[in-house]
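Undergrad: For reference, the structure I am asking about is given below.
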Amino acid sequence: QAPIKATCEDMSCKTGFPEDVHSAVVSRSVHGGQPLLNVRFRSCDGNKKIHFGSSEPEDFRVGEDGVVYAERSFQLSAEPTEFVVSAQDKETQQEWQMRVKLTPEPAFTGASEKDQRKIEEIIFPWQQYKHSSPLKRQKRDWVIPPINLPENSKGPFPQELVRIRSDRDKSLSLRYSVTGPGADQPPTGIFIINPISGQLSVTKPLDREQIASFHLRAHAVDVNGNQVENPIDIVINVIDMNDNRPEFLHQVWNGTVPEGSKPGTYVMTVTAIDADDPNAQNGMLRYRILSQAPSSPSPNMFTINNETGDIITVAAGLDREKVQQYTLIIQATDMEGNPTYGLSNTATAVIAVTDVNDNPPEFTAMTFYGEVPENRVDVIVANLTVTDKDQPHTPAWNAMYRMTGGDPTGRFTILTDPSSNDGLVTVVKPIDFETNRMFVLTVAAENQVPLAKGIQHPPQSTATVSITVIDVNESPYFVPNPKLVRQEEGLMAGSMLTTFTAQDPDRYMQQTSLRYSKLSDPANWLKIDPVNGQITTTAVLDRESIYVQNNMYNATFLASDNGIPPMSGTGTLQIYLLDINDNAPQVHPKEATTCETLQPNAINITAVDPDIDPNAGPFAFELPDTPASIKRNWTIVRISGDHAQLSLRIRFLEAGIYDVPIVITDSGNPHASSTSLLKVKVCQCDLNGDCTDVDRIVGAGLGTGAIIAILLCIIILLILVLMFVVWMKRRDKERQAKQLLIDPEDDVRDNILKYDEEGGGEEDQDYDLSQLQQPDTVEPDAIKPVGIRRLDERPIHAEPQYPVRSAAPHPGDIGDFINEGLKAADNDPTAPPYDSLLVFDYEGSGSTAGSLSSLNSSSSGGEQDYDYLNDWGPRFKKLADMYGGGDD
């Protein structure tokens, strides 16, 4: 192997095309995208990236794998077609070229069908060996012309196509195979090859619309699987058949065209597609219009470009007001529109004629009439109606109204009703009948958009509007309003103040004189004469009244006529009150506090006067001559026009409350003065001048309101204490009443019944209400036999007298009442032996059994005879043992 390797290194590999001219035979009719041949390029460095190019890029394209494709469909001429294929290294930019010569297949010259159907044989290119050297030189690869196979073939299948063989099959046993899409790659099984004979066959019909061409590669190996020939490429083109109808993208096409369009105006484009080869007649479509509805004004208003499907107008006269829509039936036919062999399909084109402003609005009348009451605004007085033949509710139909004359003051406006397109003449300013009784307006109507060019109609329509003003009863009005009157305060009641009258604007109505009345007089100072409007006072005018604001008093009066309906108007009288010195100054504040020593003891006071300048300050302050103690104890000094300072004259004044009179005089002419009492609280002060016994002094000077409040609090507190004591008393009484006086173990009866009702025991079945009475009305117990006394009766001993509580006891004797009750209970031998105090009311008498209260252990009980208990049976045996039989 070493010599061989050395020899190979001596014969270096040459990168480039293996030949300078490459010849190939192809079919005369070339389709776009059809593979034509393979060019071989040898690269000694397998890593090189080669880019192929063509000198005729508009006709031929070279793929990255070296396959040459046709860029468009064309017919080859009888002479060979030549072009140059180039290869360029993308890294080094080195370029190689090779010339390609294409020769068309010879046409059949009347050979028999049998000869034409003869199976073509494809032979692998042979390899030539030089001498006996292991080096071999390969002859150039053959270019196998594409195999053309029509789609939808009816068979029979499998159908033989070509036979592939190698010229070495004479010396070697070879096996043939094909690879690629359609063979061993999806879709598999379409093409098969006989491994012995190399016969290539198709197994089923082909469909060009699914796969237009197949690229297979044939292989030849020996029985050991060793490759004996380089693989060859086989291209199988599926020839198109006209087996698909044209299909429109939409079954209904919608378009628009403005009315009045000129011939040649573009409308719309319809498009159909054909699954067949678009570069062959099978896929070449042609369009035409089959029908037009309606056929007015011409049956041929539109035409269609038979190749592009563009629809345009060919006739004038499109008028939306006459025909709003056209319906066209469009047909598309393949085979370039051949009616005999082509397949067709239809679609519908709906063309809407859009509106343009070719009709101006026109008034339905030359004159419109209306009327309006005077002084009314926002009232529609007339409706202006127009007609417009354009499409409703479009800018070409919507009307706009304007006034061209008759309204110089702008009292009217015209609005457009959007639904009816009517013009609404509306009053926007009040109209006075006494000034204008009628208006004659000139109005014009036009559309929102201007008329289309070439329209002969005027752009607008005009009309007149006659409006009559109706006289109505108007409200009287005061002149002037408001009326200002200047008057000094203090004007006495009954004085004439002024005259306030109104005017009636209705000059053309027969009405009586106006009547006046008062509408608003907050202080009730004025009255007005109902006939002549003379205003007089009913009280003294006071500038200092709460109803006067900024020296101004306002009163409102009403003037009414007797029209139909009656109308009234209001007027305001403003009285500016001039101040007089009718108020004396007063001291402020009314109370002050100072120390009982001389220092510090100054009190600042202020003079207050409701009057205004010059009847107010500056003020004069002085102390009266009487009583003499005032000037002896106090002194006053004015510190400004409105302020003064009061202080002690003596070194010490006992703490307390003092009334200091102060005489204050204003600056009015004449002067006004008054004596005001200043309540001064003199107290003991600390070093800082603060009162230390102010509480005592303030308590000594409590007012009536404070005293009443304290008394009310005391009374409420006493009532609460009394209610609490009564509640405690009742609760103790109820609790003690529930306690049993006899031990349950000593009860000799079979059972004990507790009754809620008052009365006797088991024997007391007839309830005698006479038993429910006071103890003093019951007959003495001594007359009753002892054996028949009820157990719940009072004992025969003299009972102590309990105090009788009054119905409404005074709170002061509650303690006495309780003490008396306690003493009576202590002396009562019948009281139960408990620490608590129990008060029992008498329950009545009448029971045949004796009272149980007579069974006691007091000393007085020893005088009674209890032997009769032995006669009562075994139930009373224990009781008889306790009380009868002896001292023990």
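Every residue number used here counts from 1 along the chain in the order it is shown.
Placed from the backbone N, Cα and C atoms, the Cβ positions cover glycine too.
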Undergrad: Which stretch does TrEMBL mark as region 'Disordered', out of 757-778, 845-866?
TA: 845-866
Undergrad: Within the domain 'Cadherin' (586-692), what mean pLDDT does the predicted structure show?
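TA: Average per-residue pLDDT within the domain 'Cadherin' (586-692): 83.
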Undergrad: Quick check on the domain 'Cadherin' (249-363): DSSP residue counts for helix, strand, coil, in that order please.
TA: 6 helix, 50 strand, 59 coil
Undergrad: Using DSSP, how many residues in the domain 'Cadherin' (586-692) fall into helix, strand and coil?
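TA: Residue counts in helix, strand and coil order: 6 helix, 53 strand, 48 coil.
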Undergrad: When DSSP states are grouped into helix, strand and coil, how many residues of the domain 'Cadherin' (364-478) land in each?
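TA: So the counts come to 0 helix, 54 strand, 61 coil.
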